[in-house]
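S.K.: Relevant sequence annotations retrieved from TrEMBL are reproduced here:
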- 179-310: domain 'Threonine/serine exporter-like N-terminal' (DOMAIN)
- 201-220: transmembrane segment (TRANSMEM)
- 227-244: transmembrane segment (TRANSMEM)
- 256-278: transmembrane segment (TRANSMEM)
- 290-312: transmembrane segment (TRANSMEM)
- 395-416: transmembrane segment (TRANSMEM)
- 513-535: transmembrane segment (TRANSMEM)
- 547-568: transmembrane segment (TRANSMEM)
Amino acid sequence: MLKCRYMANYIFEEFDHSLLRIYRHVVTFFSERRFDVNVLPADTLRVYKELEGKYNEDYALTFVFIMRTAQELHRAWNMTLLTSMTLQRIKDKFNIRMTWTLGVVKLKFRVEDGGHEIQRIIPYDYDSEYQDVYCRIASALVEGHIDIQEALFYQTEVTKGEHTARSGLFLRDFPGRIILYPLEAATCALIFFQGKLDDAMVAALCGFAAGLVEWTLSSIGGNATKLLDVSAGLVTGIVGSLFYRFNTEGKYCLSAIFMGTLYWFFFGTAFVIGLLEIIAGELETGVTRFIAVTIKTFVLCLGASLGMLIILKEPELEWETQNAENCGAIYTLDTWWRIPLYILCSISVLGQYRMPITKYVQALVVMLVGWEVQTRTAEFISKKHEVNDHYLDNAMSNILGAMSAVIMASIMAYVFDRARAFFYAGLLHRESSFRSSAGGTCLYECIKVYVRLFNILTGGRESDLMKLKMEKKLRKARMELESDDHERGEIAMDQNEKSCLTEALIDSQGVNIWALLMPAIYQLVPGSLIARLWFGTIFNTEESNVFSSLMVIACSLAIGMVLGFALVQAFQGIQDEGLYTIPEDKMDDPEDKCD
């Protein structure tokens, strides 16, 4: 049995909410588990042992925690600026003598004023779940809700999938992940690239074939993964061209099929991230990322073009013909099924991003708002100006779309943070006047019913149900612990209960806005618009000014995100000033300021 006890002291916490005040107690773990450092890589273990001898075990383990956090955030996020902010927060809290350099794929960690340097190569991937949970673990550690042992154990459990819902495990990796490729290819061909239903069906087959290629190469591993882009493009070009050649009517839109299928591989957000890094002064990383993703997109397009060359006799002529005769949107802004189709496309993107299903509603709202603002703005400007031989409509629609996505992500994070705080306040027995009221009790019970139903319908985490079962036990134990007439001095928990309590403490941390925002930005680019320009270069069409269009698309989205965050921060500043206008008085904190 593991022993946990509730400390008698309370910390006052007041949310920016007129009705809600929560007292939360600190849970201190006295864990019998010790993190096994022998599982660490050899170079990390050598540095750990030296730091342990020079300082202490916790100091050395914190160094390990920072390294692991950096690697997993970089793999899941690839946002070097925000990853560095998270690492700096841990470093400052525990006074760790450590620096780092976060590149596009290479990470460098320097310890003890450069006395040791460890390098890692981290592949680029999308993982909103890891992005969010690793930030929460770091926040819980810095805030003192868990100790370094629990933080490292929780990281290990996360990578093993022990805190991921069953539905998330199914979509996280192959073979379950294969179902997302045809869905995303078909819906993207329709919603973004002027395809028709026949094109969507062919795109779905191409997407399935491309997914099989990635599954095969990733299973082989090593240098085989370097062939992914050209292989995925080649297979897409061959399959799409076969349907185009042997279809007697010849009505397929190859550009919609190709770009809808390759949408999965384009990493369109990297264009925007690269420009944000350049704006922030990280020139080397930003320029490297920008060039790398541009070349990656070109390789995918070249692979598809080579597939056309293998199957079709005159690929250049066929490309121009199909663009002129076979492509055209089958919907308008007033078509009733346009938004449901976009939501279906967005669901496939959230699956690609490994977003937990419990967060789909939040993410879909952000994605839909950003896209609607973008498309409505572009439509308004195009109708207002008879001559559209410019990029201003793209620039303005991208800026406003990105701004609205940032603002909506902030709103959703605020709302769900408050709902989550209220739920975990009840689960962890943090007292509040609203929680003990009839309305608060009713709301809390409704949330519990929602958790149970959602768990059944979506294959959620078993630990969520276990936490609900633990509530009564914790409530009774806490009352006995705080009673002067009861001899209880501690709360005994088995390992599963303790793990659930740790999970609850970590889950109660705030929502990571970027975890909600990244899929929306991914949909706003989209990366396939850059691919259209590369196809124009390959086939020497008139629309081949790649750099100009690339700069307009990427820069306008980056500017929109910067302006959106500026508005959110300005609003928060005004809100804080409005909430705290009473002059500070010594009675505000009697323990610290009164004699």
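Note: Cβ is positioned from N, Cα and C throughout, glycine not excepted.
Map the listed features onto the structure and describe their local environment.
M.R.: Taking H, G and I as helix, E and B as strand and the rest as coil, DSSP gives the domain 'Threonine/serine exporter-like N-terminal' (179-310) the counts 113 helix, 0 strand, 19 coil.
Long-range contacts of the transmembrane segment (256-278) within the same chain: residues 78-81, 124, 180-181, 184-190, 192-196, 199-200, 202-203, 206-207, 210-211, 228-229, 232-233, 236-237, 240, 243, 285-290, 292-294, 296-297, 300-301, 304, 327, 352, 518, 521-522, 525-528, 530-532, 535, 550, 553-555, 557-558, 561-562, each at least 6 residues beyond the stretch ends and with a Cβ under 8 Å from a Cβ of the stretch.
Listed as Cβ neighbours of the transmembrane segment (513-535) (distance under 8 Å, sequence separation of 6 or more from its ends, same chain) are residues 77, 79, 82, 126, 128, 131-132, 135, 188, 192-193, 255, 258-260, 262-263, 266-269, 271-272, 294, 297-298, 300-302, 304-305, 319, 345-346, 349-350, 353, 355, 359, 362-363, 366-367, 370-371, 374, 398, 401-402, 405-406, 409-410, 412-413, 541, 543-546, 549-550, 553-554, 557, 561.
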S.K.: Under 8 Å for C-beta pairs, could you tell me which stretch among 201-220, 290-312, 395-416 has the largest tally with the transmembrane segment (227-244)?
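M.R.: Between the candidates 201-220, 290-312, 395-416, the best contact partner of the transmembrane segment (227-244) is 290-312.
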S.K.: What else in the chain is close to the transmembrane segment (395-416), if you only count residues 6 or more beyond its ends and a Cβ gap under 8 Å?
M.R.: 362, 365-367, 369-371, 373-375, 377-378, 381, 510-513, 516-517, 520-521, 524, 552-553, 555-561, 563-565, 567-568
S.K.: Over the domain 'Threonine/serine exporter-like N-terminal' (179-310), what is the model's mean pLDDT?
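M.R.: The average pLDDT of the model in the domain 'Threonine/serine exporter-like N-terminal' (179-310) works out to 89.
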